[in-house]
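A.B. asks: Here it is, the structure in full.
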Amino acid sequence: MERNLKNVLVISFGFLLLFTAYGGLQSLQSSLHSEEGLGVASLSVLYAALILSSMFLPPVLIKKLGCKWTIAGSMCCYIAFSLGNFYASWYTLIPTSVILGLGGAPLWSAKCTYLTIAGNSYAEKAGKNGKDIINQYFGVFFLIFQSSGIWGNLISSLIFSQASNKVEISEENLACCGAYDCMTDTTNTTGSAGPSNSLIYTLLGIYTASGVLAVLLIVMFLDQIKSDQAETEKEILETPSFWSTFLATFQHLKDKRQCLLIPLTMYSGFEQGFLSGDYTKTYVTCALGIHYVGYVMICFSAVNSLCSLLFGKISQFTGRKLLFALATVTNTACIIALLLWKPHPKQIAVFFVFPALWGLSDAVWQTQTNGLYGVLFEKHTEAAFANYRLWESCGFVIAFGYSTKLQVYIKLYILLSVLVLSMVTYGVVEYLEAKSSPGTPTATKKENVGPVTQETHM
C-alpha cells in the first residue's frame, strides 16, 4: 500500500474509534446526567472552550509538537471526558468538558494539515494535481469517519437494552413528555428509570477503551512528517500571529454579507443542539427509555451522511437556493409537528421520522452553508471559516445553556424564530450577490471547504 494512503487510513480509523466514543456520549449527556441540567451544562461549557481553542491553540501546538503528536495529545483530551463521566458531578464533568473543548480545535486542524501535506507529497511524486489528491484523501477520511455516529449510538443502545429495570410508563408520566414538558427530571419518573451503574460503567469502559485504541493507533502507526516535507509544513503553518488571526476574524465582520449570515450559521448550532440535547431527553428517553436514544441517533446519522453526499452532488444542478428552501420547509414542518405531537410508546415509528427529516435538513445546512462561505469569501477563507466556527459554536453554547431553563415548546418557538430570521437574512445575501454580479450563476461552486468546517462537530 502506498505510504501516504496508509497514513490517511490510520488517521481515519483513529478518528472513527475516538468519535465512536464521543458521539455516543454526546447523545446521552442530557439523558444520562439530567440532575440539575449537568449533562447539557457540560456540553455548553465544552463548546465555549472550543471557541477559545479555535482562536489560539492550533498554530501553537502544531508548530511545537508537529501534526502526529498534536493529534495524539488532543485525543487524550477526549479520553479525559470519557473518564469524567464515570463519576459524573460538577467537579468532574465541567473540567473535563473544558479539556475536551481545548483539545478539539488542535485535533481537527492537525488532521487537516497532515492530510494536506500527505496529498501534496503524493501528488508531487506522481505528477498529479495536488488539489485532486487532497480531495480524494479527505473523501476517504470522511467516508470512514462519518460512520462513527452509527457505531457509537449502536453500542449504547445494545448495552442499555440489557437493563432489567424497565417499567411500564403511566399515562400520567407520559403527559410530561414532549413540547409541554413538566420541567421535572423526566428520566427518573418514566420507564427509563436510569440504567444500572454496572451497565453505565460497562458502556463508559468500552468508550474509554475505544479512545485509548485511537491514541495507540496514531502513536504506533502514523508516520512523522518527513524532513523533506518540513518546508511544506512550515508554509502551511506560517500564518500571522494568533492575535492577528483573532483580529482578522472580527475585522471580517465589516463585510455586511458575513453579518447577514450570522443567524444562519448560529441556527446550525441551535438545531443540532436541540436534537441532541432536547429531543433525545424530552421525547425519546421520556416516552421510550434511554436505550432507544442510540437507535434514534443512528437514524439521524445515517440519513445525514447519505443526504450530505447526495446534496453535494446535486447542488451544481439545483443551485443552493432550492436546497435551502427544502431544508427550511422540512425543518419548519418538524418544529410545528413537535409542538403538536404528544409522544407515546405505541407510535414508535414517529420517533424515527423526526430524526430522519432532521438529518435531511442538517445535511443541507452543513453542505450548503459551507459552500456558501467558500464562494462568497473566496479571498478571505481563513477569517470566514473562523467566523463559521465561532458563530456555530455560539449557537451550540446558547442552545445547551438554556436547555434546562425553558420548556421545550419555548425552545421550539425560538428555533422557529431563528430559522425565519436566518432565511430572511440569507435572502438579502442572495439579493446582494445577484445585484452585484447579474448574470453570474449562484449555484454553489465545487470548493474544498467541507474538511475545514467539520471542526465544530467535534
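Each position is counted from 1, following the chain as shown.
Positions of Cβ are set from backbone N, Cα and C atoms, glycine also.
Remember, TrEMBL labels are computer predictions, not curated facts.
Take a look at what TrEMBL says about it:
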type	residues	note
REGION	437-458	region 'Disordered'
TRANSMEM	39-57	transmembrane segment
TRANSMEM	69-88	transmembrane segment
TRANSMEM	94-117	transmembrane segment
TRANSMEM	137-160	transmembrane segment
TRANSMEM	199-222	transmembrane segment
TRANSMEM	289-311	transmembrane segment
TRANSMEM	323-341	transmembrane segment
TRANSMEM	347-365	transmembrane segment
TRANSMEM	410-429	transmembrane segment
A.B. asks: Considering only Cβ pairs within less than 8 angstroms, which of the stretches 39-57, 69-88, 94-117, 289-311, 323-341 has the most against the transmembrane segment (347-365)?
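C.D. replies: Result: 289-311.
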A.B. asks: Looking only at residues six or more beyond either end of the transmembrane segment (410-429), which have a C-beta under 8 A from one in the stretch?
C.D. replies: 179, 257, 260-264, 266-267, 270-271, 274, 278, 324, 328, 331-332, 335-336, 338-339, 372, 376, 399, 402-403
A.B. asks: Is it the case that the transmembrane segment (69-88) and the transmembrane segment (199-222) have 3 or more CB pairs under 8 Å, with pairs at least 6 apart in sequence?
C.D. replies: yes
A.B. asks: Quick one: do the transmembrane segment (199-222) and the transmembrane segment (137-160) reach 3+ CB pairs under 8 Å, ignoring pairs fewer than 6 apart in sequence?
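C.D. replies: Yes, these stretches are in contact.
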